[in-house]
Amino acid sequence: MLTLCSVHGPEHQQEVDEEGLATQLAQLCPALCGCAAHIAAGRFDDAISCLAYIKGLASLCDGPLQRLAKIMADGLGRCLLRVIPDPRLGIINKALIDPSSCFDQRSIRTARYNFVKLLPFLKMAYVAMNRVILDAMENEKFVHIIDLSGPAAHPWQWLKIMRAFRRRPEGAPDLRITVVHDDAAFLAETSALLREKAEALDMAFSFHGLLLRGRGLETLDFGGGGDLHDALALKSGYARAFSCALQMHRLLAGAVDDVLPEMRKMNHIHYPSPTTPLSSSAQATPSPQEEQRLVIVPLPPPLLARFLSALRAASAKVVAVAEQEAGGHNAPAGFAARFEAALHHYAALFDALAEDGAAEGQPLMQRAQVEQLLLGEEIRNMLARDDGAVERHEPLQLWAARIAGAGFEAVPLSYAAKMEADEVLRKRRVRGGYENRPHEGCLLLCRSGRPLYAVSAWRPWPSEEASVFGSSHQQQQYIVVPGQIAPTWTWPQEQAPVHSFTG
């Protein structure tokens with residue numbers, strides 16, 4: 001449950017009417033959502049009044065919801081700055097906080113490491129993605145892993161997989177790891193760390209670091225023909241695997257925002273079979289039961305389509321993907337709905353940081369760095385209402401449809417992937433409320449019942465005609481795909497699933 005606030009000191013506690021305070025703070029979420037709705041509807045004067053009200057509520061005490069509200073209000077205020085005339089700017093500026101652009105690269109790097117340290121989500125995603133790669137690379141003697149996670153990359157993931165490869169009955173492969181990142185110091189440190197580990201394990205190993213011009217995949221150079229071979233120094237003779245955590249959503253700039261109006265206009269649409277490439281399916285009229293399992297999917301924006309095409313051309317054996325989970329079966333339509341979904345997502349993260357940090361006795365500075373430098377920057381980017389927006393969360397169902405439409409088939413995660421993610425939780429002193437939930441061959445990483453991240457795996461269809469995003473579909477804006485992502489796997493009879501950790 002979201003903690004409303006923590007009041008400092010017994011003297012202050014006596015002065016506060018706790019019941020009245022809770023009543024006021026309970027209005028924060030509705031006020032934030034109301035402000036977003038006013039902005040979406042163009043009622044800017046009402047939005048400004050909401051901002052002032054939010055600032056007052058968020059200043060009553062210090063708690064995860066109040067800290068989140070200040071960052072959310074900052075993002076909404078920056079939206080308003082683009083459209084409000086000068087006389088009203090003073091009111092908006094009071095809701096703004098110092099921009100994160102003043103922080104140096106070292107502070108940002110520290111915040112990224114603290115996110116992995118304080119919360120288990122990325123470590124759970126890493127081990128699940130590693131298991132996907134290990135399963136795909138069984139008996140391979142030459143393996144090339146390409147880490148496209150950028151700022152979300154962490155050497156812990158690859159130290160784990162190197163040890164796992166070394167334990168294989170057939171022995172360790174000749175391993176090559178390419179890491180794409182925006183921080184030259186991170187690449188240098190990771191290279192030294194992995195080379196040292198390879199020497200200790202007596203493994204054949206090589207490392208290739210690729211420095212991005214910006215912070216994410218949107219700055220990756222695919223080459224003139226949309227080819228990753230030169231950029232990633234791909235070599236023939238190596239079995240390839242891609243790992244991409246919390247980066248693919250940065251390629252959604254320009255994505256169609258509101259699906260529902262277009263749904264009403266559609267008369268003839270494709271209904272593909274879950275077991276065949278999407279482009280090979282014929283038009284048909286679905287039954288009412290089938291309609292409930294279909295998902296309307298906007299075609300991907302050019303940058304994402306180009307990236308997926310380049311991934312497919314790289315002939316990977318497997319692509320492991322982890323993304324933020326927006327929840328539900330359809331992407332939130334419109335700015336106000338996306339804001340509300342983001343509010344719930346980040347409220348769960350801020351609450352987890354507060355509760356876990358207190359239970360673990362972690363320094364408040366570590367939590368503050370994650371909230372302000374990492375999550376705060378994500379929130380501001382998500383609320384940007386121009387071409388600069390690079391953060392956008394979507395549900396697993398929609399991600400699956402986009403990737404499948406680009407010529408990939410889902411690879412169901414194994415039972416071992418779920419168990420290894422659970423092991424990350426078992427090793428933590430704070431385990432309450434976390435859950436790794438299997439879902440249609442994928443894995444949802446949850447807290448307090450809310451999915452916050454999703455892990456899935458993919459491989460290219462063998463046919464070059466497997467993509468529905470090719471030339472024959474250039475005039476379409478939407479496709480319809482089946483709701484099921486991948487064949488589900490069943491639990492071994494000798495073991496019952498571990499659904500959650502409650503302490």
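Including glycine, each Cβ sits where the backbone N, Cα and C put it.
Please treat TrEMBL annotations as automatic predictions, because they have not gone through curation.
What TrEMBL says about this one:
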MOTIF     143-147  motif 'VHIID'
REGION    270-289  region 'Disordered'
COMPBIAS  276-289  compositional bias 'Polar residues'
REGION    384-459  region 'SAW'
The motif 'VHIID' (143-147): DSSP-derived helix, strand, coil residue counts: 0 helix, 5 strand, 0 coil
In the region 'SAW' (384-459), how many residues does DSSP assign to helix, to strand and to coil? 22 helix, 26 strand, 28 coil
Per-region confidence, the region 'SAW' (384-459) (mean pLDDT, whole number): 88
